[in-house]
Every structure is written in C-alpha cells, then in structure tokens.
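Beneath this line is the structure, given in structure tokens, with notes to follow.
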Amino acid sequence: MNELLHLAPNVWPRNTTRDEVGVVCIAGIPLTQLAQEYGTPLFVIDEDDFRSRCRETAAAFGSGANVHYAAKAFLCSEVARWISEEGLCLDVCTGGELAVALHASFPPERITLHGNNKSVSELTAAVKAGVGHIVVDSMTEIERLDAIAGEAGIVQDVLVRLTVGVEAHTHEFISTAHEDQKFGLSVASGAAMAAVRRVFATDHLRLVGLHSHIGSQIFDVDGFELAAHRVIGLLRDVVGEFGPEKTAQIATVDLGGGLGISYLPSDDPPPIAELAAKLGTIVSDESTAVGLPTPKLVVEPGRAIAGPGTITLYEVGTVKDVDVSATAHRRYVSVDGGMSDNIRTALYGAQYDVRLVSRVSDAPPVPARLVGKHCESGDIIVRDTWVPDDIRPGDLVAVAATGAYCYSLSSRYNMVGRPAVVAVHAGNARLVLRRETVDDLLSLEVR
C-alpha cells in the first residue's frame, strides 16, 4: 500500500474519505471544491467530529456540567453555540473571549473566567455578565474582585488556582504547574492556603472549589494523580482549619485540561472514557484517604475536542530540491500560508501529518519539508515528512489536526491576513469566519 494515500483515522477528521477519483473529502465535500469556493489557506472543521467529541467527553465525565471547553484552543461564535447546544460549560481567559461567548448568547452562568492578570475592566465585565465562576490567581485579584462584586451587590463564586509542583511530560511552554511559572498560588510555599484564608475573610466572594492545571498534550495520568493528591491534601487542610460546615460549599476539584490527541499515526493517547475513569478513581481514592467526601471532578479539555476535527488546506506554490548531503536532498514545498496560521511548529516543535489531497499520485515518496511564504527561515509547518515525487505547483495539500492553537495563535505577520474558517456537515459547507482582506489589514491605520 502507498502510505502517502493513507489517512490515519486517529489523526484525520472522523468524516474523512476519498471520492471515486481520489480527492479527499470531509463530510462528503471534496476539498478541491472548498478551495475553489473559499480559497486557501482554509481551516475546515468537521462539525460532526467536534460535536461527537463534546458528547463523548460529557458522557465520560458524567455530565456536560463537568466539562468546561477551553476557549483558548479555538473560539468563534459558531463554536460557542455548538458547545452550548451540547450542554458543556465554557472557560474563557480574557475579556475578548468572554465577549465572543456572550455575542453567541452562551449562558453566562456556564462560563468560568480564568487568567493570571485579569484587568479591572475584565473582572467588572464578568461580574456584570453574571459568569458562574471566576478562578482567582493572586492575592491582588482577590482584593479587586471582592471590591467589584461588592459594588455590584453580589457574592461571586470563585475557585483558587493552585500551583502543585508537578512537572508534566510536555513542552516547557505548555507545562503549567511546576513552581517557577506565572500561574497560580503555590501549595508548597503556603501561598495557596493564604489565598484561601483571604477569600474566606471577604464579604463578597464564596470559595466553591480548587483548581489545578499541569500542562497540555498529556498522554498519561501520572501527573494528574500527583496533582490530585496535592489538591485534595490542601482541601483536607482547609476543612481542618475552617471546619466541615463552613467548607461544605467547596465541592469542586478542577484538574484543568491537557488531554492529548494524535498528531501523528504513531500517537496513542488513551480513550477519553478510560482517562475519565482513571481520573475519577484518583480523586475518589485521594478523598477517601483523607476522610473527605468525594468532590465533583471538573475538567477543561480544549485540544481534545477541537483539535482532531479540523484540517488546514493549502495550495502548493514553489517546489525546490535542496541538497542536505553529497548524496541526498530534501524537497522544500512552499504553500500559501505558514507561521501566521500555524505557529506551533516554530513555537513548540510540533509535528503534523500532511497529505496531497487534490489527486492521487503513484510517484515514489521523497523526503520533504512543508514551509510557508513568510520572510522567516523558521517558517516551517511540517519539518520532516514525505511527499510524492511529482508534487507540483497548484496541488492542494492538507495538514491534519489543526483545530487547536492554530487559528487562535494566528497573526498578521508580513501583513498576511488570517484564513477563512469553514464548517462542514452532511454535504454542506458554511463560512463561520471570513478571510481577512487588505482592507482589514489597513483598518487600524489612522491616516
């Protein structure tokens, strides 16, 4: 079998097929048709894939109320509506994400506001909107939020974000629970307990849970187990100091997100149901060990829901061979996007699966690098891959699993506008975010 024709089901959207002439289709729509209608680069979301992962995650964790979709992975009004319709909650971490959610009429009581440096205006907007929870990240924020809630005449439910000293086995930039970093309050140093005491001393904040997030793209539960042990340990200390009656409302342990996905056919993350069962057992066992009732377990998947069901479609431009030794060369395939729509390879060393999707080729594979159009040597989308030897300008290629942290991390580098985003479902396509134009690029100029 020609491996370059294979579309690994653990990597590509669930509704990916090839038509009778070999063109790759998603939800029954040829990618060539989408490129012709909407242009390239183009993000294509398999709506059924996205929604099915929402439902599977909710079922695995007992209820959509226990699953808070991490908006930072990818958010637009359409996605917010899908999340709402599937019964999940929503985590936002800026006033902008909150504004998008509210624009989509997402129920504010199902929104949680995160962030290590929330401004007064962001906290005020969240309180005014009636968000369900705010995760406080510093003593300064506790004071600010207490004053804002007091001015609004409400008592705001909050969680305290903890730093639990866990080194997740992931990239440094997406590991978030070790001590030397910007998020949370350290359990080991006593800062977390000091924050809990301060919340209890306020008039307008109610502590309802403890939060931890150890990182992203995690495939095993070891880090979660240690994090849960330390979160529950702090909860035990809080109950011991303030008594069971006063602490009865602290009924939630939020272990954050970080559930990994397959970017390559060789990746093998655990099924969500298996992971949920293990996490539930961990929290239950840790609670029993210290004599506490088992709290509600909340998780915050973003990548695990948004990542697998989206591809990025590019048109091939320049193709050139570069000698890498006296006897070998690498095929450099330049496309019409790049690091402005996918910075993850440059930022994290991310790896991807890429395929020729506009036709079938029987040409032998050659080693290749998929690169963008930007004036930057690090503008690499797929560092090491294989392409058919006859790949040529005008071909369409697709990169799989780009639904998380691609559009959301996109930029206007080199004044290249952001791509359009199209959702596909049952043979129909609809535009959910239009392509940025030159007029958009000039819209902020004052003269």
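Glycine is no exception: its Cβ is also placed from the backbone N, Cα and C atoms.
Marked as N6-(pyridoxal phosphate)lysine by Swiss-Prot on the basis of experimental evidence: K72. The substrate binding site feature in Swiss-Prot is assigned to S216, R303, R344, Y348, E376, Y405. Annotated pyridoxal 5'-phosphate binding site per Swiss-Prot: G258, E300, P301, G302, R303, Y405, in sequence order. Look at Swiss-Prot and you will find C375 tagged as active site, proton donor.
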Could you state the whole-number distance in Å separating the C-alpha atoms of Y348 (substrate binding site) and G302 (pyridoxal 5'-phosphate binding site)?
17
If we check Cα distances from the residue listed as 'N6-(pyridoxal phosphate)lysine', which of the recorded positions S216, P301, G302, C375 wins as closest?
G302
Candidate nearest G302 (pyridoxal 5'-phosphate binding site) in space, where candidates are the recorded positions S216, R344, C375, E376 and distance is Cα-Cα:
S216
Neighbouring C-beta atoms (10 Å sphere around the C-beta of G302 (pyridoxal 5'-phosphate binding site)):
24
Closest of the recorded positions to E300 (pyridoxal 5'-phosphate binding site), Cα to Cα, picking from S216, C375, E376?
S216
C-alpha of P301 (pyridoxal 5'-phosphate binding site) to C-alpha of S216 (substrate binding site): distance in Å?
9
Which chain neighbours of the pyridoxal 5'-phosphate site, leaving out G258, E300, P301, G302, R303, Y405, have a Cβ atom within 8 Å of the mean position of the site's Cβ atoms?
A70, K72, A73, S216, G257, L259, A304, I305, A306, G307, A404
For substrate, with binders S216, R303, R344, Y348, E376, Y405, what's the maximum Cα separation in whole Å?
27
For C375 (active site, proton donor), which of the binding-site residues S216, R344, Y405 has the nearest Cα in space?
R344
Tell me the coarse DSSP state (helix, strand, coil) of K72 (N6-(pyridoxal phosphate)lysine).
coil
Rank the binding-site residues E300, E376 by the number of other Cβ atoms within 10 Å of each Cβ and report the first-ranked residue.
E300
Rounded to a whole number, how many Å is the Cα of R344 (substrate binding site) away from the Cα of G258 (pyridoxal 5'-phosphate binding site)?
16
Among all protein chains shown, how many Cβ atoms are found within 10 Å of the Cβ of Y348 (substrate binding site), not counting that one?
16
How long is the line from the C-alpha of Y405 (substrate binding site) to the C-alpha of G258 (pyridoxal 5'-phosphate binding site), rounded to the nearest angstrom?
13
Could you measure the widest C-alpha to C-alpha distance across G258, E300, P301, G302, R303, Y405, the residues recorded as binding pyridoxal 5'-phosphate, and give it to a whole number of angstrom?
15
